[in-house]
Amino acid sequence: MNILLIGYGAMNQRVARLAEDKGHEIVGVIDRTSKASTPYSQYQHISECKEADVAIDFSNPELLFPLLEEQFNLPLVIATTGEKETLIQKLETLSQRTPVFFSANMSYGVHALTKILETAVPLLQDFDIELTEAHHNKKVDAPSGTLVKLYDVIKELRDNVSPVYDRHEKTEKRTHDEIGIHAVRGGTIVGEHDILFAGTDETITISHKAQSKDIFANGAIGAAEKLIHKNPGFYTFNNL
């Protein structure tokens, strides 16, 4: 499989290493901001890389969005987070002519976490819910795309909920329809997501802790391996 990388930061550098270990070839890179040197051919536009079978994106909206407006038919694996609603709209339009895979978190374990959450929320309707994520001190967006995804799952299963991002200005008790959303940044934390269900005299916590960023890179490579055999459409872990 020949791979074009969109972005050449820490994540796609891992993708390159792990993909080559699996026998795949990196045939080019699109990156206008990275200070890292690359041994691969560099391109400005997706359509310029004729050898690629698929593109894997770990970048940012500033780099990705203009590329999505171009004319090409290359399958895309998208891991960019931020500006989610706009991103999804663009990807759904693009998926009418080419296969597109998107996940806010490329870990299959996080996908399993969302499935567990779908089961837990209806069972624990009387419990308050708080969501917490923790990442390294270089992550610039907050809350994480994964935490937003977890909130979206809850919103579909519990009526009239609303997110609460900051409590220090509130001088009133918590309401049941609040979903607390908290972000922690520090050190080299790869990624941690905790769902707290707090009831009367008991709590339940569901957690996922990433121990290496390799899980995200391997998830993207695995998605690409399947996506290149798919018809045009919008794919997630649910239908890939």
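Each position is counted from 1, following the chain as shown.
Placed from the backbone N, Cα and C atoms, the Cβ positions cover glycine too.
What Swiss-Prot records for HIS135 is active site, proton donor/acceptor, and it gives sequence analysis as the kind of evidence. Within the same chain, residues at least 6 positions away in sequence whose Cβ sits under 8 Å from that of HIS135 (active site, proton donor/acceptor) are SER144, ALA183, VAL184, ARG185, ILE189, VAL190, GLY191, GLU192.
Taking all protein chains in view, 15 other C-beta atoms sit within 10 angstroms of the C-beta of LYS139 (active site, proton donor). As annotated by Swiss-Prot, active site, proton donor applies to LYS139.
Among the features that Swiss-Prot reports, NAD(+) binding site is placed at ALA79, THR80, THR81, SER103, ALA104, ASN105, MET106. Around THR81 (NAD(+) binding site), the C-beta neighbours below 8 angstroms that are at least 6 residues distant in the chain are ALA104, ASP141, SER144, GLY145.
Feature annotation from Swiss-Prot assigns (S)-2,3,4,5-tetrahydrodipicolinate binding site to HIS136, GLY145, THR146; the stated evidence is sequence analysis. Cβ-based neighbour count (10 Å, all protein chains) for THR146 ((S)-2,3,4,5-tetrahydrodipicolinate binding site) stands at 24.
The CA atom of SER103 (NAD(+) binding site) is located 17 Å away from the CA atom of LYS139 (active site, proton donor). You'll find the Cα of HIS136 ((S)-2,3,4,5-tetrahydrodipicolinate binding site) roughly 18 Å from the Cα of ALA79 (NAD(+) binding site). Proximity of ASN105 (NAD(+) binding site) to non-local residues of its own chain (separation of 6 or more, Cβ distance below 8 Å) is seen for HIS111, SER144, GLY145, THR146, LYS149, GLY191, PHE216, given in sequence order.
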